[in-house]
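**Student:** Before I ask anything, here is the structure I am working with.
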Amino acid sequence: MAEQSQFNNLTLTIIILCFSFQSLSSAAESHLTVDFYSKSCPNFLDIIRETITNKQISTPTTAAAALRLFFHDCFPNGCDASVLVSSTAFNTAERDSSINLSLPGDGFDVVIRAKTALELACPNTVSCSDIIAAAVRDLLVTVGGPYYEISLGRRDSRVSKSSLVSDLLPLPSMQISKLIDQFSSRGFSVQEMVALSGAHTIGFSHCKEFTNRVNPNNSTGYNPRFAVALKKACLNYRNDPTISVFNDVMTPNKFDNMYFQNIPKGLGLLESDHGLFSDPRTRPFVELYARDQARFFKDFAGAMQKLSLHGVLTGRRGEIRRRCDAIN
């Protein structure tokens, strides 16, 4: 009986040790660090920066396109590169959901270029979700935005379904209360929501997203002269749905706080932009960022870091795709 008891204790100890080692291994795998690729792909950041610089020089709208792609990937279900996956005959992927159909192609293109270069240098090592996070950070810097640290070690999702992003992304026509609820459900404060809205200081919006509200003769928040100009710019948008207007008409290709300066003057483009100034919960932050660009940059950088960690997959929970547009 004593021998049997000793045997049972030994077996239990071995099981506990095995479980402990597995737990430690899992914890190590799931730990994101800023130097995650220092040994496995030491030129990771250099390759990213060379790729994004070349792309941004040739196509100046790339930074805004990649930033929007990053948000549409991370906000609904986590930063897992699921928005990059192409649809097949058997599955309609996220990128083909109605809200993602207007995502600019340059965002996808810069990620694909970086992935191609990284696969040549470090095969099957760098995830597509890490590429998006690092590329967006560096693209923002090229257009004047703040630098912030990015933790790396994400894995890519094995699932991408259009149905999984339904009603999970903000719409240009949403009321502020709904936007606050959406961001709050993902752990973001009202101030962080306003800071992230500052991304509209670059990029553009299609006329269909705002033109039904533009009327120089009513009180929808538009500066009357701006409303006339928008009507003229969007005159033929029904025949040409690609017609767009810069979100920030003053400094459209520079990441700064002009977006927040524009809103009180009636130069906001989207209904949600006007809502930020008219709602007492968000207006103080609009006013703060309008007068203090350094504070906007600090808060935006912090919110972007937080967003980049939302719902990430690590370790065995995800994969490293060989191609960003196809699940292995």
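Yeah, the Cβs are placed from backbone N, Cα and C, and that goes for glycine too.
Remember, TrEMBL labels are computer predictions, not curated facts.
Copying in the features that TrEMBL gives for the protein in this structure:
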| type | residues | note |
| --- | --- | --- |
| ACT_SITE | H72 | active site, proton acceptor |
| BINDING | H200 | heme b binding site |
| BINDING | T201, D248, T251, D256 | Ca(2+) 2 binding site |
| SIGNAL | 1-27 | signal peptide |
| SITE | R68 | site 'Transition state stabilizer' |
**Student:** If one measures from the C-alpha of D256 (Ca(2+) 2 binding site) to the C-alpha of the residue listed as 'heme b binding site', what distance in angstrom results, rounded to a whole number?
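**Tutor:** D256 (Ca(2+) 2 binding site) to the residue listed as 'heme b binding site', Cα-Cα distance: 10 Å.
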**Student:** If you take the centroid of the Cβ atoms of T201, D248, T251, D256, the listed Ca(2+) 2 site, which other residues of that chain have their Cβ within 8 Å of it?
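**Tutor:** Going along the sequence, the neighbours appear as I202, M250, P252, K254, F255, N257, M258, Y259.
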**Student:** What number of additional C-beta atoms lies within 10 angstroms of the C-beta atom of H72 (active site, proton acceptor)?
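**Tutor:** Summing over all protein chains shown, H72 (active site, proton acceptor) has 23 other Cβ atoms within 10 Å.
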**Student:** Measuring Cα to Cα, tell me the gap between T201 (Ca(2+) 2 binding site) and the residue listed as 'active site, proton acceptor' in whole angstrom.
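**Tutor:** About 17 Å separate the Cα atoms of these two residues.
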**Student:** In angstrom units, rounded to an integer, how far apart are the Cα atoms of D248 (Ca(2+) 2 binding site) and H200 (heme b binding site)?
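**Tutor:** Here the two Cα atoms lie 7 Å apart.
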**Student:** Tell me the Cα distance separating T251 (Ca(2+) 2 binding site) from R68 (site 'Transition state stabilizer'), rounded to the nearest angstrom.
**Tutor:** 18
**Student:** Measuring Cα to Cα, how many Å separate T251 (Ca(2+) 2 binding site) from H200 (heme b binding site)?
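**Tutor:** One finds 11 Å between the Cα atoms of these residues.
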**Student:** Fill in the CA-CA distance, H200 (heme b binding site) to H72 (active site, proton acceptor), as an integer in Å.
**Tutor:** 14
**Student:** What count of other C-beta atoms do you get within 10 angstroms of the C-beta of D248 (Ca(2+) 2 binding site), across all chains shown?
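**Tutor:** The answer is 26.
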**Student:** Among the recorded positions R68, H200, which residue has the largest number of other Cβ atoms within 10 Å of its own Cβ?
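**Tutor:** Comparing the recorded positions R68, H200, the most crowded Cβ belongs to H200.
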